[in-house]
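Everything on this sheet refers to the single structure shown next.
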Amino acid sequence: MVKKPISSSDEVFKFEIPSSPKSSAGASHSSTDSPSSVFLSSEAENGVEDRKRFSKSPTAQSPTSSVEAESPDQKRSLGLWSKSSFDGSNLLSDKNDCKTESKADSKTERKKSSSSSQYKANMHFHKLFLDVPTEEPLRQSFTCALQKEILYQGKLFVSENWICFHSKVFGKDTKISIPAFSVTLIKKTKTALLVPNALIIATVTDRYIFVSLLSRDSTYKLLKSICGHLENTSVGNSPNPSSAENSFRADRPSSLRLDFNDEFSDLDGVVQQRRQDLEGYSSSGSQTPESENSRDFHVTESQTVLNVTKGETKPPRTDAHGSRAPDGKAKILPAHGQSETIGILHKMESRKCPTLRHILIFYAIIVCALIISTFYMRYRINTLEERLGSLTSIMDPHSTEQTAPSSLGSQVQLNVEVLCQELTANIVTLEKIQNNLQKLLENGD
């Protein structure tokens, strides 16, 4: 009768405190040595084994009672720990929720502010430039300055089909509207030969330089993305032809000549003219950014002229190579073009060397002329000194002869003056005597 409630109490303790190590140990011990397990096994075993297990059961009851005595304290500690952990998890979850809400609010505010600023910029853009249709939105605006006789600080507006600039300096509005399809050149350049913050935008008739760009690379990429025809032209001028073009050229007959000296003579003239212009630029002292930019622009123009002329003379070359290689391989063409460019460069260098030689010869002639002139001037100076010496020796006796009468004349002049002074003094004394005699005569009468 006593053994059954013990087993029930063991089962209750085992379910109430599953996490404590002591209880788990006691539970395992009690589960193996409990009287209920003894009764279940005794039904299948003999009486000797039952007696042995009954002798073990009183010893197994002592740890279970101690564990039951310790269970209320453990329950309290576990309850407090679970409450504190639950409160901490609630606080952490609240903080995380607050952070996520603040981030979401800041993102929404930023989106609203950016959308409002973009809307205002779009309205301002369409208000300034009436040529741009209202259906075309503004893509981006950049702060920059237009370089002319002075810098016009303003903004560069870029839309899908227009590149516009607006500036207001000294109450004067400056507006520039450039259609994207009319742009022929977009190039990076430097301000004052040092600062890389400028762009050149050129059309067929005009050329504009925009400086003080804070983000030049992003501006350049955006303008290139808008002016897609420039990329198409650059791809069209590439030296690698397509496979279909190569096959077509390979099938054509090779009855054309291979001598192009007459055709490249015009190119030599153009190159020579450009070289003279570049030498003129280099001979000038200080260069302004405008002169550098204009030089770059002229160089690009000459390059386009060379590309056009090469494009005109390209089919005969490709036909000739097509006749030699009927398989249609175009790997020889770039090498041929490179050899031509190398030949042109060698010609230019060979032309530059004689010019340097002529300059050195000219300087040597000038130095020789200066040396000869110095010797001649020295000879003339010596002859003049000799003549002056002879003239001074001739003039010395005449000067001695003239000094003697002049000294006598000066002495005579001194004697005359002394005599005049004495005579005047005597006359004065005589007048005094005469006056005294007249007074005496008057008194005597």
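A Cβ is built for glycine as well, from the same backbone N, Cα and C atoms used for every other residue.
Within the list SER177, SER265, SER302, the entry that Swiss-Prot describes as phosphoserine is SER265. Along the domain 'GRAM' (123-190), the predicted structure has mean pLDDT 91. The compositional bias 'Basic and acidic residues' (94-112): residue composition by secondary structure is 19 helix, 0 strand, 0 coil, according to DSSP.
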